[in-house]
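Lifted from TrEMBL, the feature list:
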type	residues	note
COILED	83-124	coiled coil
TRANSMEM	403-436	transmembrane segment
TRANSMEM	485-503	transmembrane segment
TRANSMEM	523-542	transmembrane segment
TRANSMEM	574-592	transmembrane segment
TRANSMEM	693-714	transmembrane segment
């Protein structure tokens, strides 16, 4: 496995007997090292050979999604326990899934009907109880009022009283007004509007009585739990009744019949209660049967799902193959790594042997100028770093891979910015937890599995003298040290990037990039910032008080002036003049030679290739076609020169800005250490000084939350993002093109739920 450069790839043509095509694709899917090219791109999905089989697989996938929805609704999950693999035939599986779907659909429909009937009976029972209570209370009130009236008349003893009473009693019953009523339930949130509309539609000629239902009830129509009110509406006349019924329908009010006879009310309540018990038993039995059926499906759901996805992917791949003219073979083209040649040939031979085919499959390598895909063989440790690089851009075929160096530099720069070994131990413990829970958090482990291991080190032998801690000069000293260390690290990493561009140019045989890109870039960067790094190291070694700011500024403004007390070594002034001259010379060195040499190479490459016999002026279109067939492309010198100009300006300005960008190492390290000191001194120590248990407890809680929330979460994220930027921008732009495309082999191991 070589991570520095992508695997050598080859374009391969496979000629497969049509009877062995299915098994061949299946074996190649198990192998997972062949990327097929679509040879039927001009055809729509419906015009392809295996469109019917894909449609069948899609229908089975729909049934499996239906099963999963039902299991989710039932609170079940597909079984993940290992089972002995059963060889299912696609036709048998299709029949089995259809049977399960029909049974589940029938059970669900029956359960919905039973549940609706049960909900209706529950609501009907509530109506009988609440409206019955209203009628009973109204009847008692009427009887009491009648007795009071009779007692009042007898007590007064008037002469006219018997006559009036007799007149009232002898009134014609047919002339008495009879009131109708409608009862039911209405959603509580609509009850006020319901009452208001009733009043306006009937002009107040109704009497509405509502009673609250304490618990939520399941609506028979919606199937959801809703707060409702029981209502009864008294009215007179058919026209008013019709209006009331329409308003009830508009508000989703469920109406139920009611009888004012108390005996019949009790009979209805008894009957409804009995039917509720029967329905409850039936519904529970149906749900139990539904749950058992779903459990049976769940035991083999994953196996069925994988089989359907596998079958669909096989037929989808077969649709990418073209049929040979004899219609006895299928032709496939695709990319594969060179090391996989023998494995693919073995898979082809095994497939033809298992199918008892009389024709052997043919494996032949094609020569092409097409750029191959990029493929790196990674493991669990190297994969996260490779994914970080690929997020910026996939490497061009066989160019240097930054992921190799990022394995070291990324956690190191992260640790420089994080800068606290105590908090590093906390990250280490969190990392170990994720490693222990790897199976549960398999997609999130490696992102944090290395960052906490860097800063755990002894205090002084590899760090700063602890006597600086707490002194007045601590902050200025640490600032100066961290700033200079940031510059040294930045210049070192940028030099590494330029050196990698040399290895790219050497590998691809591009001498122009070596002499007119690598050499001047190395000279320019090190004439300025390499020299600055040298001054920093010399100053540390000598213990000098020289002002490096003054040295670097006046190196440009007054290069011939005397350095005075800022001179660090003999000949420094002459060295500065030479380096400044080299930096100035390297700019036109990068800009001018390369475009002219590219033009010269182009002319030499196409010299004598674009001549043709000139018959007449009318032959010019044919000549143009001949021109194109020879591959002659007009050289755009202006475009090449502008591109080189942009590249030169970008590098010259970027050398300054990128070096300054590495000062973020100092800034974030300083911020982390100062925040740690503030939280410790202004929260924890301050609370400790009060000698109060309550204040101390509050201080400890605030300190813990501040440490975890700010220093361990926000600062970790900040350091990660800044380390990411330093690699993507400051490091990779020196050598990395990142304009390749990934190798996506046909592999059953890479199938996802979206492929179903």
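Think of each number as a place in line: the chain as shown, counted from 1.
The backbone N, Cα and C atoms fix where each Cβ goes, and this holds for glycine too.
Heads up, TrEMBL stuff is auto-annotated, nobody curated it.
For the transmembrane segment (693-714), the residues of the chain that approach it from at least six positions outside its boundaries are 420, 423, 426-427, 672, 675-676, 679-680, 683-684, 686-687, judged by C-beta separation under 8 angstroms.
Same-chain neighbours of the coiled coil (83-124): 56, 59-60, 63-64, 66-67, 70, 184-185, 217-221, 223, 228, 254, 256, 272, 275-276, 279-280, 282-283, 286-287, 289-290, 293-294, 297, 299-300, 303-304, 307-308, 311, counting only residues six or more beyond its ends whose CB sits under 8 Å from a CB of the stretch.
Residues belonging to the coiled coil (83-124) score a mean pLDDT of 85 in the model.
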